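**Student:** Dropping the structure in here first, questions after.
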Amino acid sequence: MANCGHLAACENSQDFYKCVCPKGTVGKGYAWKRPCSDVDECNTGNACGEGAVCINTPGSFRCYCKQGFKINGFNRCQDIDECQVPANKKNCEKHKNALCKNIPGSFQCVCKAGYQGAYKDCKDEDECNSGKHECSPHADCSNTVGSYVCKCKKGFSGGGRLCADLIECDDPSKSGVCHPTLAKCVDFPGGYKCECKVGYHGDGKNCTLADECKLGIHECHQFATCINTRKSYECSCNKGYEGNGFTCKDVDECANNQNDCGFNKDGIECVNTNGSYMCACREGFTGNGKTCTNIDECKTGAHDCAKNAICTDREGSFSCKCTSGFYGNATEKCIDIDECTTKKACSSIANARCKNTLGSFSCECKQGFERDDPNKDCSDVDECLNGMCKYTGQTCINSLGSFECKYIDECNSLERPCGSYNFLECVNNLGDFTCLCEYGFNFDEENQFCEDIDECSNEDYPCDEHATCVNNEGEFECVCPEGYIGDGKDYCTA
């Protein structure tokens with residue numbers, strides 16, 4: 001069974017069949033492989049031609065003429081000339097100087113050629129002023145109602161749109177007015193003139209021998225002299241210039257050594273000028289150009305050496321150099337050298353340190369050191385000799401480059417500071433010490449000794465009610481009676 005798709009036709013042969021898409025469609029025709037699909041002829045852009053509307057149909061298309069068009073004998077839409085319709089023509093031409101103009105698919109009422117504006121109010125257009133004329137550049141344009149007229153100017157001939165130059169010099173009636181021997185007729189576009197020959201001057205009708213130099217009608221260069229001759233003139237370049245007189249250029253006397261300045265002699269130099277030269281003092285010298293003396297810029301201050309730089313005068317100039325202890329461009333800025341950044345600075349002096357100064361450095365003793373001779377090492381200062389420790393009970397301990405103030409611990413530094421009394425304890429204070437009785441003793445000031453405290457004589461002695469208080473030297477103890485156990489202070493249990 002054939003498996004042709006939609007729109008396809010099945011064609012049988014003896015051994016096989018094939019599916020064929022009809023005209024107006026594309027594809028293989030098989031239901032399973034590229035079935036037939038409609039071709040939209042209207043998308044080709046020119047199926048119906050100008051003035052028609054294309055409507056696609058299955059397998060084909062139709063063309064309908066737009067408004068203002070009709071089918072012609074070639075089955076194409078042809079524009080209808082609406083101006084052939086009497087009513088349309090009459091409707092336009094009822095307005096003065098208007099007419100009907102056909103356009104594709106319609107018509108317009110427009111002003112006639114030579115008029116402008118809305119068709120209901122057409123006014124004459126001045127083509128001459130608007131530039132919409134076709135007159136020759138050598139013609140005069142004259143505006144007329146609805147049009148214009150072209151007329152060739154004097155010295156030209158033609159219809160006005162094309163104008164040719166008249167060769168007046170070929171006309172004896174015109175060229176004959178020129179002097180017969182001393183002038184010639186010169187034609188130019190739109191006219192002619194009589195011109196005296198070289199060596200003569202006048203209006204061309206009357207010519208006399210000319211002094212071109214006096215009249216200023218020569219062509220000599222501005223730096224040349226005009227010399228009148230019998231029939232003409234000559235030009236000669238002035239002194240200091242060279243050339244043929246019509247072209248003159250300056251002679252550089254300095255470059256050609258045609259001067260008396262002398263080559264760089266005593267600060268003198270040659271300066272070229274137009275037509276001459278002058279001797280002047282070179283830069284760095286002063287004088288009148290004949291005698292020049294060197295300017296000492298260092299003394300006059302006319303140098304540009306930087307601060308901390310030394311100016312050295314030279315012949316015609318000067319030089320700048322940063323002073324010792326500085327570096328850099330001596331005409332811009334001299335920068336201080338920090339000698340202390342090098343390891344060698346002050347390294348030969350013991351216990352000294354380097355201090356940088358502007359353009360130099362100095363070696364100073366470190367704190368705690370001093371010297372009385374700049375060629376010797378720095379030695380330690382014994383600050384303890386100067387009474388540096390000011391508080392009572394302090395002692396001064398000198399060290400290399402420094403010192404320390406310490407308070408004296410009399411309890412540890414003195415032998416038996418509290419004497420030979422028993423039960424006395426030494427307590428160190430700031431600047432002194434105190435002798436205190438040990439715990440369990442009171443100091444007897446009258447007899448100057450520590451007396452044992454009998455804690456058991458105190459009614460509030462801290463023993464259990466069943467315990468017995470036993471006083472000892474500097475302390476006491478609570479003893480439980482026989483048959484009791486406990487610590488005696490907190491409890492005694494039978």
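The backbone N, Cα and C atoms fix where each Cβ goes, glycine too.
Where the annotation comes from TrEMBL, it is an automatic prediction and has not been curated.
TrEMBL feature annotations, pasted as is:
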DOMAIN    38-78  domain 'EGF-like'
DOMAIN    79-123  domain 'EGF-like'
DISULFID  Cys92-Cys109  disulfide bond
DOMAIN    124-164  domain 'EGF-like'
DOMAIN    165-208  domain 'EGF-like'
DOMAIN    209-249  domain 'EGF-like'
DOMAIN    250-293  domain 'EGF-like'
DOMAIN    294-335  domain 'EGF-like'
DOMAIN    336-375  domain 'EGF-like'
DISULFID  Cys346-Cys363  disulfide bond
DOMAIN    452-493  domain 'EGF-like'
**Student:** Are there any residues at least 6 positions away along the chain from Cys109 (disulfide bond) with a Cβ closer than 8 Å to its Cβ? List them or say none.
**Tutor:** Asn91, Cys92, His95, Ala98, Leu99, Cys100, Lys101, Tyr119
**Student:** For the domain 'EGF-like' (294-335), what are the DSSP-based totals of helix, strand and coil residues?
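**Tutor:** Helix, strand and coil residues of the domain 'EGF-like' (294-335) number 4 helix, 16 strand, 22 coil.
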**Student:** Please report, as numbers and ranges, the same-chain residues at least 6 past the borders of the domain 'EGF-like' (38-78) whose CB is under 8 Å from any CB of it.
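**Tutor:** Result: 7, 22-26, 104-106.
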**Student:** Does anything in the same chain, at least 6 positions from Cys363 (disulfide bond), have a Cβ under 8 Å from its Cβ, and if so what?
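**Tutor:** Correct list: Ala345, Cys346, Ile349, Ala352, Arg353, Cys354, Lys355.
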**Student:** Cβ under 8 Å, sequence separation of at least 6 from the ends of the domain 'EGF-like' (294-335): give me the contacting residues as numbers and ranges.
**Tutor:** 267, 282-286, 358-360
**Student:** If H, G and I count as helix, E and B as strand, and all else as coil, what does DSSP give for Cys363 (disulfide bond)?
**Tutor:** strand
**Student:** 10 Å Cβ neighbour count around Cys92 (disulfide bond)?
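**Tutor:** Other Cβ atoms within 10 Å of Cys92 (disulfide bond): 18.
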